[in-house]
Amino acid sequence: MAHFHNVSNWSASLQLYATGWPLRRDQMASSAESRSLREEDTSTASQDHIAQDPEKAERPAEGRAKTSDSPDSHADAKEWKWDDDPRNPYNWPLRLKIRQIVMLAAAAFTASVGTSIISPADTQLVEEFGVTTTQAVLPLSLYVFALGLGPVVGGPLSETVGRYPVYLVSLPLGGLFTLGVGFCHSFPGICILRFLAGFCLSPSLAIGSGTINETFRPSQRALPSTIYILMPFLGPGLGPVIGSFVVTRTGWRWTQWTLLFFILTSMLTTLLARETYHSVLKPQRQKHLNLPTEPRKPARERIQAFATTSLTRPVRMMLTEPIVSFVCLYVACEFATLFSFFAALPYVFETVYGFSVEQAGLVFISIAAGCVLGAATVLLCNALLYLPQTKKHPPHRTPPEYRLYPAMIGSLGMPLGLFWFGWTARADVSWASPVVAIMPFAWGNICLFVSSIQYLVDVYRGTTIASVTSANSLARYLLAGAFPLFVVQMYRNLGIGWASSLLGFIALALMPVPWAFFKWGRLIRQKSKFDTVKT
């Protein structure tokens, strides 16, 4: 009989590991069974447990084993707390949390580098397929549009089936469509396949913030959030650098083979990750411990809720929630301005300074440099401004408005960079001046973006987090996909100075947004119809 129970425990443990729970040897028994005397295993298991996670070391087992049907099972149910459970992602060892960050960073970089890696191929697309210069931008714009639409499905889907299955399925599908682009000899086919590739690769850009929120407590989120959110800026910034050399030396199709390499690398990192969605993990843990669980809704009701509520909620929040509306508007406008550079910078530097395709591609390094400086600024603001506030408030009760310091500081850099770039990009001024001018814009952009995402994730709770980040992605990428289609014409008609100034005036008009939420955000949150933090 003892042998039967031992085999059952090992079988259950293997099933739990398949769902993505990080198990240790001493955690393979339920809380009711862990009090049984294990004369041969207790010493070794305890040492392993203390070595890996000292603060979670369990007490030595005492007494006879009690089944879930014993009188003490109700006491076990009362004693068990999900917040203290070792399978709660908040309590995971650091190595598992690092795996999650590596996976998220790789997936986000891959999805975002796919936007701009094809941008230097415009001339080759015009020559090979006989399309106009505006039409040649469509493979880029449609991919960006898809990055905005994909999270509207991927975000709510992750709240239905869990985060990990979405990561696990979306990357291979995106790789297949990217492979198709490389082999396609029809321009409409290239556009369609690029859209589908972007749609499949996009979920990581929206639900990654939810994964971080579920893995790290608020006071620990600054560094992982910064690393993750930096990727959607580094990817587009480095994409033209990579693409310019690939296009001129091997042809535009190799941009897709290069992107496929990034996708395969991301797939490998995904295999090391785990499920983090608490609404999936908690019932599984309760079932394993023979504790009562909430009855799951029938599949039909879940599908109906997914179709009628989850899919529409990001749009509803963007239209009805002031915090979501204005943050999304500000971030979308500045993100779209960044994407307009994919068409504007080659035009400016090739026309004014006579740069080659490769030289124009190298200009984008200034965007990457500005993003890195912005990330450093975010971390400094967290250490010097946010963390001191957490010590003044009860645990996990720090008002989310203190996340807005980087956005307020960065709001100054974006109009400065745009005006500087526009009025120094002249033949009588060194090319170094407009190149350097791009850096404060990129610096301010990453400060705004990281700060706003952290703010939204801290403001909203539960299942609304993925919906909020999906709304943010939808606004950003829909607007960003449209800008490259007309930005060259705008620069030709208005001139470099006034075209850049127009974008600068937009940044100037939106600059008060983070300052206003810092002052009145609490009052606005208290009137929200959604699940928000009220502190």
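Yeah, the Cβs are placed from backbone N, Cα and C, and that goes for glycine too.
As annotated by TrEMBL, region 'Disordered' applies to 28-82.
What TrEMBL records for 50-82 is compositional bias 'Basic and acidic residues'.
Among the features that TrEMBL reports, domain 'Major facilitator superfamily (MFS) profile' is placed at 100-535.
The feature transmembrane segment is assigned by TrEMBL to 101-120 (among others).
Look at TrEMBL and you will find 140-157 (among others) tagged as transmembrane segment.
Under the heading transmembrane segment, TrEMBL lists 164-181 (among others). Remote same-chain partners of the transmembrane segment (164-181), defined as residues 6 or more beyond its termini with a Cβ less than 8 Å from a stretch Cβ, comprise 20, 103, 107, 110-111, 114, 139, 154, 157-158, 189-190, 193-194, 196-198, 200-204, 207, 256, 259-260, 263-264, 266-267, 270, 273-277.
For 187-207 (among others), the entry in TrEMBL reads transmembrane segment.
Per TrEMBL, the feature transmembrane segment maps to 227-248 (among others). Here the transmembrane segment (227-248) has long-range neighbours at 101, 104-105, 108-121, 124, 205, 208-209, 212, 254-255, 258, 338-339, 342, 345-346, 356-358, 360-362, 364-365, 367-368, 371-372, 374-375, 442, 445-446, 449-450, 453, meaning same-chain residues at least 6 beyond its ends whose C-beta is under 8 angstroms from one of its own.
As annotated by TrEMBL, transmembrane segment applies to 254-273 (among others). Here the transmembrane segment (254-273) has long-range neighbours at 20, 99-100, 102-103, 106-107, 109-110, 113-114, 117-118, 121, 164, 167-168, 171-172, 174-175, 178-179, 181-182, 201, 242-243, 246-247, meaning same-chain residues at least 6 beyond its ends whose C-beta is under 8 angstroms from one of its own.
According to TrEMBL, the feature transmembrane segment maps to 323-349 (among others). Remote same-chain partners of the transmembrane segment (323-349), defined as residues 6 or more beyond its termini with a Cβ less than 8 Å from a stretch Cβ, comprise 115-116, 119-120, 137, 140, 144, 233, 236, 240, 317, 355, 357, 359-361, 363-364, 367, 414, 418, 425, 431, 434, 438, 441-442, 444-445, 448-449, 452, 455-456, 459, 468, 471-472, 475-484, 487-488, 491-492, 496, 499, 503, 506-507, 510, 513-514, 516-517, 521, 524-525, 528.
Look at TrEMBL and you will find 361-387 (among others) tagged as transmembrane segment.
The list of residues near the transmembrane segment (407-425) in space but at least 6 beyond its ends in sequence, with Cβ under 8 angstroms from a Cβ of it, reads 334, 337, 348, 352, 374, 377, 381, 433-434, 437-448, 451-452, 455, 496-501, 503-505, 507-508, 510-511, 513-515, 518. Residues or ranges marked as transmembrane segment by TrEMBL: 407-425 (among others).
When Cβ-Cβ distances below 8 Å are used as the criterion, the transmembrane segment (431-453) is approached by residues 209, 225-226, 229-230, 232-233, 237, 327, 330-331, 334-335, 337-338, 341, 345, 348-349, 352-353, 355, 363, 366-371, 373-375, 377-378, 381, 403-407, 409-414, 416-418, 420-421, 424-425, 469, 472, 514 of the same chain, each at least six residues removed from its ends. Among the features that TrEMBL reports, transmembrane segment is placed at 431-453 (among others).
Per TrEMBL, transmembrane segment is recorded for 474-491 (among others).
What TrEMBL lists as transmembrane segment is 497-518 (among others).
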Which of 101-120, 140-157, 187-207, 361-387, 497-518 shares the most C-beta pairs under 8 angstroms with the transmembrane segment (474-491)? 140-157
